[in-house]
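One structure is given here, and the rest of the page talks about it.
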């Protein structure tokens, strides 16, 4: 494969595209030079109850940002009500495809509006009011979308927790955000197997110091025999929705632009997950504009983002981006491998999906299966592909382009974060020529800069690598870490003064294309999901046999990054496969299966400085078989540990 292949948009695609290269350059220039004028114009895309008095007020050095000051609007109104006086009323808003291929459901905008209004009044019955937190721990079922939108309708702050997280992970989130109530399901399905949800909620609530008085339970599996039902606390969703005393109509509450919208927890470089706080107007505008522009949205599209709503990708590009544009968004409960490895392609053909947005991890897993399943399907409806969650390697990009897009669909390789709220760097289909493996150019209003380790901006027109920062505020950026302003400032604004620090490294070539090179902190990107090394280490040392643990990432064929755990056991403990299984089970219990280590390397000791700091740089190199580039290890407290780890790596983990 040529080192730097450039794929220009086809004339056919470019002719119908929403944005041309000339228009992109003009709009981008205005968005950087006259940001307030640009964003005031874009804000007309939303419906406001009251117009703002000031577009932007900020002190970036102090992490203070406010957009559309004085304005009032409602997210639910923008996603539902404003579409009802048009033909969109009877258009499919959500297409739900169950884990079982025989289960599906379509909700029009009228249907979704009705259900959201009704459930918003159920929430009000439980005294949920503006500013209260509601924790949602549901599978990918329509009730998840209904619950989030109902929260936004009455001004409650939702916090969706991915259904794969353990009771202990759930407990930490409950104690941090202190929800008025919890919404869960009796269970769920994943790959044909039932998964426990209410049981996990019960376990978390049994341990919490914060009392949750009410739990609303969606009936999904119907396995009532195994439910630990708590009268007075637990309430069936379907009974509540049939309650004749609950009104059907619920007015959308006018919200200030900067009112909190949702909290979404993400891993940090320290053990405790961060509650990323997003606010109303800026977030919605970011999701709305990026969806319409980057996915070249047409009103005839059937759009499918394969993410879970438990992650930011699902928030922005299953719910808020598509629905605020009046799009048809597909919501998928299942996995790409069930009932066989052709499931994604079946769903695309079944619903004539036109825009498909998935993760490199899924692409690599499907790539490994060969072309057998693809040849049995048409995929002719597709016109645009997307990639999200981690950098896509050029080999996977080429496979995706040739075999799924049939060499005619552009690929938007999108870089962004939970914290950024919406896509930051991406190709614009039909406008920007693509380079496999590159996230391309910045979106409107985004001013990325590369800085060295001292915070000095790296300028020049040649190829440059450095720490990726953002120089100016943008509407959809997070406004804080919930309940912890110091952590917000320390994490994102203290390391490089005057910049938002992404935690990623990047390379910029002479044409201005960005390639994301990965995390530069102690956060792992596993299958597109962020996992803090400290979280996994803390889980491992909970085991009575473990004295110490250090976790690093290593290249993984499918996941992008795998989890490599160095474990030192206590004196007298015998290391064996049974203990490895116990440690993996411990991590699954504390965090969830998503964080299970791929490799457990028994370590006689860990390389430390004389002050006791673990040298993770050395551990990463050993995990990556880079034994010849360790650098000077003579200053370590015990340099002999390094050779011992290398010998074991060659012997047991090669």
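Heads up, the Cβ atoms here are built off N, Cα and C, so glycines get one too.
Swiss-Prot has this to say about the protein:
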type	residues	note
BINDING	190, 191, 192, 193, 313, 527	CoA binding site
BINDING	389, 390, 391, 413, 414, 415, 416, 417, 418, 504, 519, 530	ATP binding site
BINDING	541, 543, 546	Mg(2+) binding site
MOD_RES	613	N6-acetyllysine
541, 543, 546 excluded, remaining Cβ within 8 Å of their centroid (Mg(2+)): 539, 540, 542, 544, 545, 547, 549, 567, 583, 586
Nearest of the binding-site residues (389, 414, 418) to residue 527 (CoA binding site) - Cα to Cα: 389
Cβ neighbour count within 10 Å of residue 527 (CoA binding site): 20
The one of 414, 418 whose CB sees the fewest other CB atoms within 10 Å, among these binding-site residues: 418
Three-state secondary structure, which DSSP defines for residue 313 (CoA binding site): helix
Spatial neighbours of residue 416 (ATP binding site) among the recorded positions 193, 313, 541, 543, 613 [C-alpha, 10 Å]: 313
Cα-to-Cα gap, residue 546 (Mg(2+) binding site) vs residue 313 (CoA binding site), nearest whole Å: 36
Where residue 613 (N6-acetyllysine) falls in three-state DSSP terms: coil
Cα-Cα distance linking residue 541 (Mg(2+) binding site) and residue 414 (ATP binding site), given in Å to the nearest integer: 36
Cβ neighbours within the same chain of residue 313 (CoA binding site) - under 8 Å, at least six residues apart: 305, 307, 357, 388, 389
Integer Å distance between the CA atoms belonging to residue 391 (ATP binding site) and residue 192 (CoA binding site): 30
Inter-residue C-alpha distance, residue 193 (CoA binding site) and residue 543 (Mg(2+) binding site) (nearest angstrom): 29
